[in-house]
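Enquirer: Quick paste from Swiss-Prot:
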BINDING   CYS24, CYS199, HIS224, GLU228  Zn(2+) binding site
MOTIF     26-36  motif ''HIGH' region'
MOTIF     256-260  motif ''KMSKS' region'
BINDING   LYS259  ATP binding site
Amino acid sequence: MRLLDSATKEKIKLDKKDISIYLCGPTVYDDAHLGHARSSVCFDLLRRVLLANGNRVKFARNYTDIDDKILKKMAQSCQTLEEITEFYIKSYEEDMRTLNVLDPDFKPRATHYIIAMLDLIKKLAKDGFVYTLEDGIYFDTSKDEKYLSLSSRNLEENISRLSNEVQKRNESDFVLWKFDENFYESEFGKGRPGWHTECVAMIDSIFENTLDIHAGGIDLLFPHHENEAAQCRCGCKRKLANIWLHNGFVKIDGEKMSKSLNNSFFIKDALKEFMGEALRFYLLSSHYRSHFNYSLSDLENAKKRLDKIYRLKKRLDLGEISDFDVLNDIEIKSEIAKQILEILNDDLNISKALALLDDFISNANLELDKESKNKILKQNIKEALSELAKIFGFGFMDATLYFQWGVSKEEREEIEKLILERTEAKKNKDFNTADAIREQLSSKKITLLDTPNGTIWEKMNA
């Protein structure tokens, strides 16, 4: 696999068997938005491709569970910090399961690594990289000769992203430990960690050595990732990561989607109208480094492309595909899966991979038109679809249930009851009643398909 490193702007070849990946996860004070979803599904695709390649992958995604935004929410509510963060961690993980994001091997929470953070600050203090102000302990960026080597911009370009509420030595200096009487005891005074320190301590505790890949949204490149890299370089005496990957923004009306801009579109809102697989397909449909503008019509088009996969599955009578063995050994046998894997190994070239997937679906249908009773052909297509589902992370559902998505239990019972009444009417040659029932269901966007094995139904797209 070759990946474009954000630091060097060059494609770097991954030629190791064992791969370590750390993805910056959410700050858990609210429901996750589509920006969070995109980062998760993009790097879940990376993980799936590596697993399909035969790599052994150690994957961590953290939770920032102590932060000014969480404390603000706590002050506005009657809940404890733990109650707030636990609720939103569960909410986030529910969203990730719906999007078919594989569960990380490690899910560190910042509050579980306070001692490791203090140890890191002690190392930095011992070597003269820190100083004290009235509100906390700060990192002196002027002492790090390689500062800004990750974001590759001069300080003037980056400085607009920084706040300078206290009189720091340098505008780019950042807090390592915030004094706060309500939190943790330390030799520096009671307080809590700075955001940039949290990730470094968690990475060092879990992986101990230089990461193969550090991933996150492009908005984290500066200052967050730059400041992480500086602390690891100066405190741990090593590179934090060999490859840095950053996914592009999700935008609404040309602006970055962000809770702070009040233009967030929550994952849960999207999932009220679209199933998780359709949302995953949409979020993967442009290259991970690209920005894209959220569009309902684009999401609907992604759903239509996904429909074609399930039409083929339905034609083959292919049921649910298990995702269980993805984390174990996956053997890629089909030619189409090998071709798509080769494409994705070039910096996750998703557009080319999805175009080839579309061609495969079309060609498979043409072959089945010619040889509808060819069992070997059908089995080969089924195996290919199963392998492709495990690579892309969509196409797992039972096809019949896929086309019935969004129908409640009560509605389902009513539909089945009407279908039985229609079947009975047809037996009695009461075609007026049978047609009336079909029209009644059609008005509710339910379409009926009469087959040799009985009548099946689907929910039509809005």
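Each residue, glycine too, has its Cβ placed from N, Cα and C.
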Enquirer: So if I draw a 10 Å sphere around the Cβ of CYS199 (Zn(2+) binding site), how many other Cβ atoms end up inside it?
Expert: 29
Enquirer: With DSSP, how much of the motif ''HIGH' region' (26-36) is helix, how much strand and how much coil, in residues?
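Expert: Summed over the motif ''HIGH' region' (26-36), the classes give 3 helix, 2 strand, 6 coil.
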Enquirer: Can you list, in sequence order, the residues of the same chain other than CYS24, CYS199, HIS224, GLU228 whose CB lies within 8 Å of the CB centroid of the Zn(2+) site?
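Expert: Neighbours within 8 Å of the Cβ centroid, excluding CYS24, CYS199, HIS224, GLU228: TRP195, HIS196, GLU198, VAL200, HIS214, GLY216, LEU220, HIS225, ASN227.
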Enquirer: I'd like the number of other C-beta atoms within 10 A of the C-beta of HIS224 (Zn(2+) binding site), please.
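Expert: The Cβ of HIS224 (Zn(2+) binding site) has 18 Cβ neighbours within 10 Å.
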Enquirer: Taking only the residues in the motif ''KMSKS' region' (256-260), give me the average pLDDT of this model.
Expert: 63
Enquirer: According to DSSP, which kind of secondary structure is GLU228 (Zn(2+) binding site) found in, if we only use helix, strand and coil?
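Expert: Going by the DSSP assignment, GLU228 (Zn(2+) binding site) falls within a helical segment, counted as helix.
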Enquirer: Suppose we draw a 10 Å sphere around the Cβ of CYS24 (Zn(2+) binding site). How many other Cβ atoms does it contain, all chains included?
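Expert: Result for CYS24 (Zn(2+) binding site): 22 neighbouring Cβ atoms inside 10 Å.
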Enquirer: Give me the count of other Cβ atoms within 10 A of the Cβ belonging to GLU228 (Zn(2+) binding site).
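Expert: If we count other Cβ atoms within 10 Å of GLU228 (Zn(2+) binding site), we arrive at 26.
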